[in-house]
Every structure is written in C-alpha cells, then in structure tokens.
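K.L.:
As listed in Swiss-Prot for this protein:
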BINDING   Gly207, Glu208, Pro209, Gly210, Val211, Gly212, Lys213, Thr214  ATP 1 binding site
BINDING   Gly616, Pro617, Thr618, Gly619, Val620, Gly621, Lys622, Thr623  ATP 2 binding site
COILED    392-526  coiled coil
COMPBIAS  525-535  compositional bias 'Low complexity'
DOMAIN    1-147  domain 'Clp R'
REGION    5-70  region 'Repeat 1'
REGION    83-147  region 'Repeat 2'
REGION    160-341  region 'NBD1'
REGION    342-556  region 'Linker'
REGION    515-539  region 'Disordered'
REGION    566-774  region 'NBD2'
REGION    775-889  region 'C-terminal'
Amino acid sequence: MEQKFTTMAQEAVGDAIQSASAAGNAQVETLHVMDALLRQENGVARSLIEAAGGDPQAIGAAVRNALVALPSASGSSTSQPQASRQLTAAIAQAEKEMQQMGDEYVSTEHLLIGIAASKPNQSAEILEKNGVTAASLRKAVPGVRGGAKVTSPDAEGSYKALEKYSTDLTAAAKEGKLDPVIGRDQEIRRVIQILSRRTKNNPVLIGEPGVGKTAVVEGLAQRIVAGDVPTTLQGKKLISLDLGSMVAGSKYRGEFEERLKSVLNEIKNADGQIITFIDEIHTIVGAGAAEGSMDAGNMLKPMLARGELRLIGATTLDEYRENIEKDPALERRFQQVFVGEPSVEDTIAILRGLKQRYEAHHKVTIGDDALVAAATLSNRYISGRQLPDKAIDLVDEAAAHLRMELDSSPEEIDELQRKVTRLEMEEMQLKKAEDPASKERLGKLQAELADTREKLSGLKARWDAEQAGHNKVGDLRAKLDDLRVQADKYTREGNLAEASKILYGEIPSIQKELAAAESADAESADASAANPADEPMVPDRVDADSVAEIVSDWTGIPVGRLMQGENEKLLHMEDYLGKRVIGQKEAIAAVSDAVRRSRAGISDPNRPTGSFLFLGPTGVGKTELAKALADFLFDDEKAMVRIDMSEYMEKASVSRLIGAAPGYVGYEQGGQLTEAVRRRPYSVVLFDEVEKANPEIFDVLLQVLDDGRLTDGQGRTVDFKNTILIMTSNLGSQFLVNEDMDADAKKKAVMDAVHMNFKPEFLNRLDDIVMFHPLTREELGGIVDIQVAGVSQRLTDRRITLDVTDSAREWLANTGYDPAYGARPLRRLVQTEVGDQLARMLLAGKVHDGDTVLVDQTGGEHLELSAWASDQIVSDNPDVSVDNVTEDK
C-alpha cells in the first residue's frame, strides 16, 4: 500500500504510529493521523482546512485533547500498535478519492478527505463541529493545488510552486513597498522593448555590483502598475523567482527538477501573463545538477527559445563572462542590457528621490547637504564599490547612527544618574553612623543629592520634550508616506471618491501639521544657535558632517570639517615634526605643505597626497621623518606601510608587491603593497633604500605616482589617492659629506647620480626631491636629548628618573659626532655609555624603583652614573658626592 502514498503521506502515517506507540495506545486512530497531518511543516492539511472555512489551530487543540482521553495500556509493550477499523476505512476512502481525482498517488489531502468522509470517527466529528466537511475539503483542493495533479511521490512540494518560490513585484509595487526608481529611463525602455519581442524576449541586465540592476526591474514593476507601459505589457504580473529556496531542502534526486518544472508549468499555463525575474541569473548554470541530472539552465533553454517564458536576468559582468558566456546556446537566448554606474549628479537625484523613505523609516530629518556629501565623498574616498549603492549606504548608516543616539540617553543625563546612585549609596551608609562628623557630612550630602536630583529632573523633562518633538515629526512623515501609497492604490482601482478624500482632505491636513512641527524645530534650532545653552541635547538632522563621520569610520580617512584644534595643529605641523627630526627644515616643510593641501581639500583628487624622494647620507632622519609623519597623522608611528626595497633586488620579486599572476603560487594572498593600502587607504607608505630595488619595480610605481591607482594580481584596483609616498635613498651621499665642495656643486653631483639610476619618467612624476643635509655638531645636541628621552621613557614603569648634566650632554654630542654616519653612532654611544652601565647597576641592586640616576662627565674616558637613593649616593665613582649632585643640579 505504501507504494501508492506520497512521501509526506507516508511520513504522516509513520508519525501517527510512533505517537500511538509512545502514548501506549493499543491502536492507531484517525486522531493520530490527523494530529500528524496538522503538525507537518510545509504540509497541505492546514492550508486545506483554512480554504474549507475551518480554523486549523482550534481543530488541532481539539484533536490533542481527544488524544489525551484515549485509553493507554500500562507497562511496556514491544508490539507495534495496529490500525483501528476507523483508520483502515479512512485510508480506503482516501484511495477512492485519489482515483476520482485522477491522481496517481495518495497524498495528504486524500488522507484528510478520507478521514472526513469515513464517518463515524472522532476526527470527522471534530472537523464537522468546526464547519469542515468532506464536500468543502473537495471543493478547496483545486485552489490549494494550483490546478496540479499528484503524479509523483513529492507532489505536495510542487503545489502552488510559483507562490512558494517567488515574490510578486507588481503586488509589492501596488502596496508601495518598493523604493522609487529615479532615472534609468533608457534601461527600462530597452527592457520593455526586448520583452515585447516575439521570440528570445529575455533581457539580461549586466553591470557592476551596486549600480542598480535590480532597481531597473523594480522600476518596470512600478510602471506596469501605473499603466505606463505598451499594451503588450499592461496588466502583466512581474515575479521574482528565488532559486535558492527552490534548491534548499530538495533531499531526493529529482526533487529540484520537480519544483522547477511545476513553476515553469504554472508560468506556461498563465498564457504570457507572467514575466519572470531571476536575480543572479548566473546561478541557473549548474543549479540542481548532480550525477548527470539536468541543471536549471538546460531546463529553461527550450522555453526561452520559443518565447513561452519571458525572463529578465540580472548579473555582474564577471559572473556573466564566467557562467553564461561559456554556454553559447544559453547566451544566444538572452539580449544584453548594460547598466552603467550613474554620475555623481545622477546619484544626488536618486538620493533625493529616496530621501522621504529613509526619513520615514528612521524618523529623522535628512538635509540636502547630507545627500550631496554622500554622493561626492563616496565617489572620492570609497573605492571598490559603485554608485549609487555606496552613497545610499552612507545616508542609511548616518540616519541609523542618529536614530540610535536619539533613542539613547544623552551623556549629561547618564553622568547625573550615576552621581545620584553614588550619593544615595553614601547616604545609606552615613545614616547608620552616629558620630557628629558623619551627621554633618550627611546634611551636606542630602543638600547635594537634592540639587543633583533637581538638575536630573530638569534635564529629563527637557529630553522627553525633545524626544516627543522628534517622534511627532517622524510619525507624521510615516503617516504621510502611507497615505500617498493608499491614494495611489485607490486611483489605480478607480475608487476616485476615496482617492480624492485622501488627496484633498487627509494629506493636506497632515502636511499642515508636519510643516508646523518642522517650523517649531527650526525655531528651536535658531534659538540654540543664538544661545548655546538652548542647544538640543541630540540633533535630529543628518547633515554633511554626519555623513563625513561615517566615511571616516569606514575608511579611516579624516574627511570631516576641520575643527579649530586641528587647524592649529596643522598650522604648526613643522614645530611638531621638528622636535622629532633635527636639522631638516626643507624636508619637513615639503611634507607639511602636502598634508595641509590634502586636509584643506585643495590637493589634486586624482593623485597621491604627496610623493617624495628623500636623498641624503645615512642616519640624518629620512626614515625617522616618515615615522614622525605617521605619528602626527595617526597618533601611532607603526601606522605606516614600510617596504624594505633591499628585499626586491630580483626581477621576479615585483610580483610580491602587487600579488602573483593567476596560476602562480601565492595568487590568492595578494601583494604586500596593494593589500596593505587596500586595508588602510589613508596611510604613509615608505619605500626604504629605494636605490637597491630592481629597476622594473619603478615601472610598477609609475601608475601610482601619476593616477593614484594600482591594479593588483587579481585585477582589483587599489586606490592610492589618500596616501603619502616617501622613498628614501643614499645616492650621492658621498658628495653631501664632502666638505671641499660648495652647496651648488654638491646638489649637482647628487642629482647627476639620481638621473643615472632612475628613469626620467619616474623622477618627473614625483612631487619633490628633497635633500637631507649632514648633521652639524650643534644639531647633534638636540638628538642627544631625543636619545636620552628614549632611555628615560623606558624607565618610567619603574619610576626611575634620569638626570643628565650639561657636561655629559656635551661629551655625548662631541664623541658621537661623525658627519659620514649621521646620528646612528650617537645612538650606539648612548646605548653603551648610558644603557649598558645602567643595566649593570640595576642587576647589581645599586638602583631601585623610584631612584634618581645622575649621568655626569668629569673628564674621564666614559660617563659616570650615580644612583641617588634617599639621602645617599650609590656610585661606581667614589669622588662623586651629594654636594656634587646638588651643585650640578
């Protein structure tokens, strides 16, 4: 018998046997089967009962109550319960129903009708009490099935397959659920033109992710609803097919094909009234294919060629090339419609069209300056994504951020709330104390607590009033949006009386109320501008600064308005860098000017912020200036992309910068330069010892220096427009340290060496070639302070103070001076004379936490260190006394 049952019918009977056995019932009754049918996920029984006029929940509750009342055997029984006489009769009736309906398998609806028709049984009585009879169930079957027949064991899965696996876009457009589509008229007209063809009427929308391919289809749905289409498309139904849900849960071989076939049959039987849309159309290639079975693409081909299926597809250029173009037989059935990225001006128009929807959703006001900022800033700073998607995301997130702030208590209220809690806890403790001091403190505390509570109460009242105003405006906008949708619906249906009632009665009333609420907000804003004390606790308007904050969060690029403090910092940038890098004013000025141009917004938007070649002998501060710049911009000198060019001496090492080509090891890993900049687009990039690299490296950098972009091994474009590129080199350093040459001769000799090593097209693209001069003996004194400060900083955890006398500083500067090697010999000298001696004293226990260490030079070959602990000096030099320390200090 089970051979004639569908899979779901077999599962229902199996579940009924299990539940009867678990409950200790001697027989399997119709109640058990009825309960199993109602509990089935994606089952037909509940839908059929609803269609027949019954309440599945009420019937299910009655069935469960009846099951509890069934007699159960005590003790455990190993025998399986048998079908009762009533259940046997119901199954026999179900088989008769199957034959009468012309089906090939007994399905769950046959079982349900069989139970209702084979009276007397308890399940039939429950159904009848709830207004469901065998006749009403039979009448409801065609509607639930969608006209399908039971011709396979998985038939229930194909009932109303189109409704189950698709979304009706025209219905969504009628209900106003789709966002308005601004522009894209040319693309929509082209789609309509292709759909109007007799054969091969299948447009496929191709474009980069985020340019608005799906929006074109939504725009078509809105035009169909509005009647703004040719007669060939008027009244048509546009549905979006979900291949993912069709594949999901298809456990058995052929189940996916069965579902797709059911959908295609429903579309075919609609006689051209249905237009199908498949987003990510490339997924049809290979979908459902396993062990030789056909994929969705091959099943669609015949209908696509004959024009029986009008299909709109959407996919990206890469996916179309990789999947659709590989199958010429499938590709020729589609007509391509290219959807390009809109311009910044078009994006602003799109954002203005969407503004009302986002204002109604977030219940905030979105200023026009925010829309312009979203389009322009996203176009300039967010690479790797397309307009208008990235601009819409910026506005959406900025509005969501503001809404979150509006729904949270302001910081002032939080602080006062915490203060009240703290004072209340202290009050409880003081009330228990009896001493006079505690009582006096209690009186003062209670006065402070009363004052704080009063302040908190006033702030809360003000906050509640502000929130009420914000919410009123938001609610009115949402209501206005709903009324417009209703008016459009009544107009389409021809119900002009209701439409005019909304258009000329309710909408003007809401608009008047909204205008009054908005003007009240505007007056409040003007008052707060005149008197900062009246400023709103949280603003309710998304402006350009709000959008700039989101851009900064996404990219790390500071694109917000320059604050007064930052203005001062940028104007005195040379002073800050000059504290770290001694004696190189020309280089510091060149870098500072580049940063100021960028932050003021007047640098060339298509080139890097700055590109410099630093020339000079070793140890004069070339690399240190790059570190200082990273520290100035990011408060962290490690926030710098450092490429040691000595590692790129071979020709093959070029691929390490931008990533290996396809087919080579390391292709998936990306390049060391491109990946670092892609993750941190606002950074200082240092190419250290650039003359040691293979000459072919510079051919790769030409595009970066000129256009601010570089394509990596995987074909992705990496944006370098917000980076500062610094290259350091020792070329010609022998001329710079030659004291017999004058300044002009030195410069000419160095530039000749540079021109011999680098190509003209590389040098011509640099913003500036900066020469670092050898350090003088006087400048080395400043570097002594920096090096000693570094040692002192490392001792702060142990609270050890380093006190260096003037004689020690002078000795370090004189001994460590070597114009050919710069500041590095001085660093080594400080390490050996101060660091090494201090380490020995620490290990010997001569220096303890909290001590002061005196560094002095009294004429010997080395510096002398003395530890000042309490009232005595612990020293390696017996000649140094407390008096000497006092005198030196």
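Quick reminder: no glycine exception, Cβ is built from N, Cα and C everywhere.
Looking at the shown structure, can you explain where the listed features end up?
P.N.:
For Lys213 (ATP 1 binding site), applying a Cβ distance below 8 Å and a minimum sequence separation of six or more within one chain yields Leu205, Ile206, Gly207, Ala314, Thr315, Val339.
The C-beta environment of Gly616 (ATP 2 binding site), restricted to residues of the same chain at least 6 apart in sequence and closer than 8 Å, consists of Lys622, Asn730, Ser733, Leu736, Met771, Phe772, His773, Pro774.
Across the residues of the region 'Repeat 2' (83-147), the predicted structure has a mean pLDDT of 88.
According to DSSP, the region 'C-terminal' (775-889) comprises 58 helix, 19 strand, 38 coil.
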K.L.:
Please spell out the DSSP helix, strand and coil residue counts for the region 'Repeat 1' (5-70).
P.N.:
47 helix, 3 strand, 16 coil
K.L.:
Mind tallying the domain 'Clp R' (1-147) by DSSP state, helix then strand then coil?
P.N.:
97 helix, 6 strand, 44 coil
K.L.:
Count the CB pairs under 8 A between the region 'NBD1' (160-341) and each of 5-70, 83-147, 566-774, 775-889, then give me the winner.
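P.N.:
If we count Cβ pairs closer than 8 Å to the region 'NBD1' (160-341), 83-147 scores highest.
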K.L.:
Around the recorded ATP 2 site, report the further residues of that chain (criterion: Cβ within 8 Å of the mean position of the Cβ atoms of Gly616, Pro617, Thr618, Gly619, Val620, Gly621, Lys622, Thr623; site residues excluded), sequence-ordered.
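P.N.:
So the additional residues around the site are Phe614, Glu624, Thr728, Asn730, Phe772, Gly822, Ala823.
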K.L.:
Across all chains shown, how many C-beta atoms besides its own are within 10 angstroms of the C-beta of Lys622 (ATP 2 binding site)?
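P.N.:
Excluding its own Cβ, the number within 10 Å is 28.
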K.L.:
Around Pro209 (ATP 1 binding site), which residues of its chain at least 6 apart sit with Cβ under 8 Å of its Cβ?
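P.N.:
The answer is Thr316, Arg385, Gln386, Asp389.
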K.L.:
Which chain-mates of Gly621 (ATP 2 binding site) that are at least 6 residues away have a CB under 8 A from its CB, listed by sequence?
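P.N.:
Sequence-distant Cβ neighbours: Val581, Ile582, Gly583, Gln584, Ala587, Phe772, Gly822, Ala823.
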K.L.:
Would the region 'Repeat 2' (83-147) count as touching the region 'Linker' (342-556), if touching means at least three Cβ pairs under 8 Å and pairs must be 6 or more apart in sequence?
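P.N.:
Between the region 'Linker' (342-556) and the region 'Repeat 2' (83-147), which are separate recorded stretches, there is no contact, as judged by 3 or more close Cβ pairs.
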K.L.:
Helix, strand or coil at Thr214 (ATP 1 binding site), per DSSP?
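P.N.:
Going by the DSSP assignment, Thr214 (ATP 1 binding site) falls within a helical segment, counted as helix.
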K.L.:
C-alpha of Gly212 (ATP 1 binding site) to C-alpha of Thr618 (ATP 2 binding site): distance in Å?
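P.N.:
Distance (Cα to Cα, whole Å): 55 Å.
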